[in-house]
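A.B. asks: The structure that follows is given in the form of structure tokens.
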Amino acid sequence: MAGNSIGQVFTVTTCGESHGAGLLAIVDGVPPGLALSEADLQIDLDRRKPGTSKYSTQRRESDEVEIISGVFEGKTTGTSIGLLIRNTNQKSKDYGEIKDTFRPGHADYTYSMKYGFRDYRGGGRSSARETAMRVAAGAIAKKYLLERLGVQIRGHVTQIGHEYSDVLNSSTIDWDFVNSNPFFCADADAVSRFETLIDSLRREGTSCGARLEIIASGVPVGLGEPVFDRLDADIAHAMMSINAVKGVEIGDGMAVAGQFGHSSRDEMTPDGFTANHAGGILGGISSGQDIRVSIALKPTSSITTAGKSINTEGEAIEMLTKGRHDPCVGVRATPIAEAMLAIVLLDHYLRHRGQNADIKQPVQSIT
């Protein structure tokens, strides 16, 4: 039924709409004793929040999160953690003209056909506004993974429209620079090209897609539950649940179709793997190498160029989208994708620990 939850041991359930009173999350399965404050969650929320850059939507939300349960005297209690973010900058009047029409490329038509009714204000539940709660919940997972396991999750944008970043080797990425520019890009030259492209998109009344990579380093060997809950399957599921994502690749992804077995099989030596074409996952189980995930996001359909559609009477119309929108939704997607990867990894770690905590590995890990 309703798909508002993710995870089996570490679970996240969210609710809330773009123009509702606020957003809520229940985060369950967090081990007790983790030092946690609202400031810990706010770091990633500030990276995602709208209105912080001229290259994203101009809707301004503080996205200040409140922890309403599950934390006492600065530590998690082991009970469910309740999170709340209040909406403060809705402009629902921007959407009054479209309540009887379907915006092309949006979920308006499918939500209406599925439920027989929809919240037309900013897309309601289908809006990317709901991802704020994913980021808040994911920040909890990221903190646990880093502090207890040494797992670090970081992302960077590799493409916006027809412009590409030339810095793709994770060992050479300056992560401080990535987090200091509005595009989460590792290539200083590409940042200026991205700026020029976004400015031109605004003038032309259109938008573009994007591609980004998320890397998890320090992941222990053994995470993943074959066969239906393979780690890469659950990662792909989590990434595809993000608004506008139309493609997910693990490791070399689609490029493996043009490779040969003798060069793509990630050979092993006592000193470690010789390559990482598989993206840190073999047989659906983490190998201990970096987990590399790439996602592609489509151009936002909310643009100021008129397009064909229909209204609720089934009549042909031409409509122009109004409101405040991102010319490229990929600009703010990096912390969202990081959060989703963290949620999946913590869930799988806790599942693995529950079943295999006393397993003695037959050989020493080579990573």
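Cβ coordinates come from backbone N, Cα and C, glycine included.
Model, not experiment: these values are computed from the prediction.
So Swiss-Prot has the following annotated:
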BINDING   R48  NADP(+) binding site
BINDING   R125, S126, S127, N243, A244, G283, K298, P299, T300, S301, S302, R324  FMN binding site
A.B. asks: Can you tell which of the binding-site residues R125, S127, T300, S302 lies nearest to the residue listed as 'NADP(+) binding site' in space, using Cα positions?
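C.D. replies: Nearest listed residue in space: S127.
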A.B. asks: Mind telling me which of the binding-site residues S127, T300, S302 has the densest Cβ neighbourhood, counting other Cβ atoms within 10 Å?
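C.D. replies: Checking each of S127, T300, S302, the winner is T300.
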A.B. asks: Tell me which residues of the chain lie with their Cβ under 8 angstroms from that of K298 (FMN binding site), as long as they are six or more apart in sequence?
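C.D. replies: Those within reach of K298 (FMN binding site), by Cβ under 8 Å and sequence separation of 6 or more, are G209, A244, V245, K246.
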A.B. asks: Count the Cβ atoms, other than its own, that fall within 10 Å of the Cβ of A244 (FMN binding site), considering every protein chain shown.
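C.D. replies: Taking every protein chain into account, the count is 20.
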A.B. asks: Go through R48, R125, our binding-site residues, and report the one whose Cβ sees the most other Cβ atoms within 10 Å.
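C.D. replies: Answer by Cβ density within 10 Å: R48.
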